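Feature annotations, reproduced from Swiss-Prot:
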| type | residues | note |
| --- | --- | --- |
| DOMAIN | 8-283 | domain 'tr-type G' |
| BINDING | 17-24, 81-85, 135-138 | GTP binding site |
Amino acid sequence: MVAQINLKDVRNIGIMAHIDAGKTTTTERILYYTGRSHKIGEVHDGNAVMDWMEQEQERGITITSAATTCIWKGKKINIIDTPGHVDFTVEVERSLRVLDGVVAVFCAVGGVEPQSETVWRQANKYFIPRVAFINKMDRVGADFDHCLAMIEKRLRANPVAVQIPVGSEAEFAGVIDLIEGEMYAFDDATLGQEVERREVPTEYKERFTAARISLLEKLADFDEELMEKFLDDELISSATIYKALRKATLALELVPVFCGSAFKNKGVQPLLDGVVNYLPSPLDVKPVEGVDKDGVEVSRKADPSEKFAGLVFKLMSDSFVENLAFIRVYSGTLKQGDKVFNPIKGKQEKIGKLLRLHANKREEVKEIVAGDIGAVVGLKFTTTGDTLCEKEAQIILESMEFPDPVIGVAIEPSSKADEKKLTESLAKIALEDPSFVVSQNEDTGQTIISGMGELHLEIIVYRLLNEFKVAARVGTPQVSYKESIQRSHSAEGLFEQPTGSSNQFAKVVLEIEPLERGAGIEFVCEVDEKQIPAEFLGAVERGVVDSLDSGPLVGYPVTDVRVRLVGGAYHEEDSTEMAFGVSASIAVRKAASEADSVLLEPIMSLEVITPDEYLGDAIGDLNKKRAKVVGVEVEGDLQKLLAHVPLSEMFGYSTSLRSATQGRANFTMQFLAYDVVPANKAETIIKKIRGI
């Protein structure tokens, strides 16, 4: 069991990267060198500790965020190893929301890849300090300097090398520490556990000196004491450099860069030193902010004696317990048996067991204190993004935003007996994964499951069949289209109906107008209480939003519109929330149906890496898919082709790219935006959906 540790000695970090950059392998080495595991697990052998799901072991990728805790030099490090595949980007988003620092892992050959950029943007959004680890220095084509330059150019970051590699590819022998001025060699016989300190090799002294001066010059811009010593040519102690570098890292001014080969057991211990030296403790992070029950801004500092506040950032159904809720405690102390309040749901929850996790293993603890991460058993009402707090000291912390799904498949039970089981299992998975949506096709009655990509849905179907033991039939993947409008239109909704001894009455006048792509739905109230009392406005907005779930064109959700409430009427005796909800629904449906509807489709950002001789074939193949080529970059002896392409054209793209390039190209893609489907294509899609 991990002993209680002072908050200044806690690090809550995530390990993040593009797929195949070596995140999980790096994490496995961290667990081994910190004594958390007693043998090294390997991704390629299917026995990595952090990849514990069966599908993770089969596919050799991380699918769900796995959490663990280890100790390094007296510091407790809570680690979340996250997926690198774009289909599971929601796992990264919700992990970053509760982390204080990030280790960004880059492949020394591939450098900054598409998902690296996505993760970096997500970390920027939450103002998270980070260190970088340039991994796979032993691979053919490894280039430390090029990777460093890519971090600066592609990520618009300010990287600063704190190490340089000794050799590369098969000759990679260790690293030179630019602060301590010595080389670290990692003993193969002890799987890198024994680290030998050596003098800087003679042939590297010139490069070492230049790299150290570059480090000091960058630091001098952010630390006056160091600048004075540097300009006066005084001796600068290691302690002064560590202090200045920590300050610049926490201020998001610099990113310390390490290097190594996790697979070859080289460079991981210095990276761990970097985590404790440069990444923040909960005390270094500003107090978490939220609003109280009256909407007044309040904050809570990381102090176990403060009033309790925590954020649930993930739910997981489990074969051992019904519901496992991952929580970051921001203030106060959470104890077994506590009664806490969920201000989002307006419900009280009783805390069952509290757990500290190590991948899929767990140990029971009596309490989770401010600044720490753990899991709770027994919550009945709480979902991802909810705040838990004390009822007498309520606070609602900022929740999380999750992307809309872009692809769906129809699913149906194999028999009547499986119907209930399928419904319950889908509900459990949807509770765990906010980017997974279950809906019903009103015309066909089919159940549609939607997610972030083909792999995402493949994994969910696999879990249904194997983990939940549901017998089901699955259709072919379908694109999740949306609808929007091209011009403004207004309409009136009147609901007048006798119910028993009284009448129901409500009148609403709405105007709908188009917004720019990505704007979502805006509702604006432009009436006064004489027309519609304030108590009914919530019902009007709900009626509008609910109705826009199904558009007039072919029933897809309507987006990128502003709905203005411009008029209405009520009766003192006969008006109700229900009546106003119905009248709003009538009005918005009328207005949208007359506003020149258009079909929107998901556009993907595509990156193809191909040998030079196949570039023309790859472009020709994309031209058949309505793709827009936006750039070509040289990557060593390869070409990087950048394009925007409709998702509907990308089914089976692996096969067509393999055919066009004789299997020598590969690609990655991620969601970019929704855009209007060309009229001729839209007509074909609409006819197909309507069965014409």
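Numbers here mean position along the shown chain, with the first residue as 1.
Every residue gets a Cβ built from N, Cα and C, even glycine.
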Reported mean pLDDT - the domain 'tr-type G' (8-283): 85
Conformational class of A17 (GTP binding site) under the three-state DSSP mapping: strand
Sparsest-packed among the binding-site residues, when each Cβ's other Cβ atoms within 10 Å are tallied, from A17, D20, K23: D20
M137 (GTP binding site) in three-state DSSP notation: coil
Collapsed DSSP category at K23 (GTP binding site): helix
